[in-house]
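Colleague: Could you have a look at this structure, given as structure tokens, before my questions?
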Amino acid sequence: MPLRQRCSSLGPDEFPEPVIGMSPVPTLQKRVRLVFGVSLRTLAEDWIFVPFVCCVVLLFVWGIDVAVSSRVPASVLSMLILFFTLLLCTWIPSVQVKVDRTIVWADPGVEWLLKWMTVMFSPAVVVMPRQKGLGGREVGRVIGVFAIGYVVVLLLVIGMVIAVRRCMKLLRRVPKIPIPDHEEMAIELDRRPSTTLSEKSQQAPPPLLPRLPIHPSTLLIYISLFVPSLALALLTDVVQPVHLCITVLAYFVGLALPPKLKMVLHPLLVCGGLTILGVWCVGGMKGQSLNDAIGTYSRSIKAQKLLTALASHKPFPTPGAGDVLYSLLDAAVVALAIRMYKERVMMRQQIVPIMTVISTVSIFSLVFHVWLSRSIGMDRENSLGMSCRFVTTPLSLQIFSSVLQEANASLGVVMVIVSGMVGDVVGKWAMRRVGVSKDDVLVVGVTTGVTSHAVGTASLLGTNPQAAALSSLTFVLFGTASVVWVTIPIIAEKIRSLAG
């Protein structure tokens, strides 16, 4: 009789002794799962494969930066080059098959970059205490321009998208929201479980207890890394590891907040505030002021500068934690090209309303914010600083450094970050109030891309991937169009004259 049948016929106290050679000692895979709660493969992906993909992407950005001389930031230019190269590959079926296989291979790293894109903006919040302060009245004017400008641009974008779509519907008789079916999808990837958590969470029944925003093993790893990194910071001048741990743990706190509280306290704002407090405490232990401690957090040494120094065999200072996150942000911007490639069929169908909104609203926003700021009495440099509030950070810095050099760049960067956070929280509520459905991929994607740029796009990645793809293309093209507008001499002079 087979062993399984004999065992099933025995009573509860009559099971045979374990067979010799069948050791109850768990395998390495089972031991890892018992200790960390995840598989060995997942740990290898998170701590070996994902960093490898990030390094490859950063090398690509550096290569583009060295090879191409352009006013467009290297990360944005790399994303555009990669995206259009992938589109060209679709014309050759044999090449497209290889490209799709490569994307499947790199997908864990790409999805990791997109999933944690929000925390990569935290250095812009952390360095805010070092920015030039404003007077009380000027702060009030800034708030007024911020609120009025947001409402005007939000309603303008929504109205234009709906109007253009209705015109296209009358001319072409196309559906309202053309979503491709499975045969027309860009590519259907066999994703690993770690890259489809958002889809599984939608299919699974809601848990009885609230879940942690991250896996407990990840939280445990960063807590365990914090203690030795703090000791290293106190005994030496190496503060980058402890600053990174503080930033990541602070972001976990922001993610763990209840949804209603997140409507007021954006995770990025919580992360930035707690990181400032943590950096201040570590700096105080070392006898540093807050300004000096933040100076060690971000030293403006991104991956491109570091790789250039290595290639030329020149000495270079140690980058700070903020520099590491900013470098990863460059990689995340490039990774958006993969997401757009996957949704290329839908994006091709929606290119007309996207380009119509971008070409019109980009020039309107530049002129309107400068005019409104000056009309209510803001200083010239602050008025120019408000011009790029809807332009993503790398491109806005490019405008301030190359064209509008008289502008208060510090105020401009702060407005960009705050616009992203406010747009991410208020924008969803405002769109619902004016009757926009959350399933309206076109309106949600384009509006988020214009008013919330990369911060809002990062929020959409986990909830509405198709809208996130449209938002990615929108905020990049919107910023690029703004750069093009201000490089035209007559437009640049008109903006300066409006500022007084």
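Our numbering is plain: 1 for the first residue shown, then up by one each step along the chain.
Cβ atoms here come from the backbone N, Cα and C positions, even for glycine.
Feature table excerpt (TrEMBL):
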TRANSMEM  47-68  transmembrane segment
TRANSMEM  74-92  transmembrane segment
TRANSMEM  112-130  transmembrane segment
TRANSMEM  142-164  transmembrane segment
TRANSMEM  219-235  transmembrane segment
TRANSMEM  241-257  transmembrane segment
TRANSMEM  264-285  transmembrane segment
TRANSMEM  324-341  transmembrane segment
TRANSMEM  353-372  transmembrane segment
TRANSMEM  409-429  transmembrane segment
TRANSMEM  441-461  transmembrane segment
TRANSMEM  467-492  transmembrane segment
Colleague: Under 8 Å, at least 3 Cβ pairs, sequence separation 6 or more: does that hold for the transmembrane segment (324-341) versus the transmembrane segment (47-68)?
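Modeller: Contact between the transmembrane segment (47-68) and the transmembrane segment (324-341): present, because at least 3 Cβ pairs are under 8 Å.
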Colleague: Does the transmembrane segment (441-461) come close to the transmembrane segment (241-257), meaning at least 3 CB pairs under 8 Å for residues 6 or more apart?
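Modeller: No, the stretches stay apart by this measure.
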Colleague: Pairs 6 or more apart in sequence, C-beta under 8 angstroms, 3 or more of them: is that satisfied by the transmembrane segment (353-372) and the transmembrane segment (142-164)?
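Modeller: Between the transmembrane segment (142-164) and the transmembrane segment (353-372), which are separate recorded stretches, there is contact, as judged by 3 or more close Cβ pairs.
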Colleague: Same-chain Cβ contacts of the transmembrane segment (112-130) under 8 Å, 6 or more residues past its ends?
Modeller: 46, 50, 53-54, 57, 247-248, 250-251, 267-269, 271-273, 275-276, 279, 290-291, 294-295, 297-298, 321-323, 325-326, 328-329, 331-332, 335-336, 339, 393, 413-414, 416-417, 420, 454-455, 457-459, 461-462
